[in-house]
């Protein structure tokens, strides 16, 4: 049985059924190999689940995404899902503070023949976003932006990338169910990092829910992904 990333609305058995019948049989070999490599990494709880990778890949194809951004890549599973979904001349601006983790997945990206679609920037994303926002030529130029990084900056990311994504484009925020802690009482026992980030995730969701520039959909895939579609 697959462990971790259980949907909050599903049993382990049902999730395993989904993986074995519709996810694993269609998973590209390069993504399968990267998933197996990542499972051995000491921080593998940060990984993107296989069903979420499939969801991202199909979502990008549905909107014909070409110019994309990813904030937080870990070992590149979601990044590879994106790179495989966009056209050969498509681009991904990928940002992470840890190049070593990024390079774990790089051989699989190169093997898949999509490394040329990725521009990797090591370091905090906020300064890069500030530079992009400052130049209005960048406004409304991104088809899809995926955020899977420091939860305490999620709201700061949103304030910037909402200008960068085009009208009709999508923003995906990962981990928005945050291990189910979002529905727990304030005094519920939980690990320190869960409690710390929980409030920032809740802050983001409240902000998205009342933002008139977007429409949102929260899905129980992986640890929860909230899609925001810019409408104005």
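Placed from the backbone N, Cα and C atoms, the Cβ positions cover glycine too.
Reduced to three states, the DSSP call for residue 148 (substrate binding site) is coil. What Swiss-Prot records for 6, 148, 179 is substrate binding site.
In this structure, residue 125 (S-adenosyl-L-methionine binding site) is part of a helix by DSSP. The Cβ of residue 125 (S-adenosyl-L-methionine binding site) lies under 8 Å from the Cβ of 71, 72, 95, 149, 153, 157, each of these being in the same chain and 6 or more residues away along the sequence. Per Swiss-Prot, the feature S-adenosyl-L-methionine binding site maps to 48, 70, 72, 73, 78, 96, 125, 150.
With a cut-off of 8 Å between CB atoms and residues at least 6 apart in sequence, the same chain places 48, 52, 72, 78, 146, 147, 148, 222, 223, 224, 225 near residue 174 (divalent metal cation binding site), listed in sequence order. Feature annotation from Swiss-Prot assigns divalent metal cation binding site to 148, 174, 175; the stated evidence is sequence analysis.
Among the binding-site residues listed (70, 73, 150), 150 has its Cα nearest to the Cα of residue 175 (divalent metal cation binding site). Neighbour density for residue 96 (S-adenosyl-L-methionine binding site): within 10 A of its CB lie 24 other CB atoms from the protein chains shown. A coil conformation is recorded for residue 48 (S-adenosyl-L-methionine binding site) in the three-state DSSP classification, outside any helix or strand.
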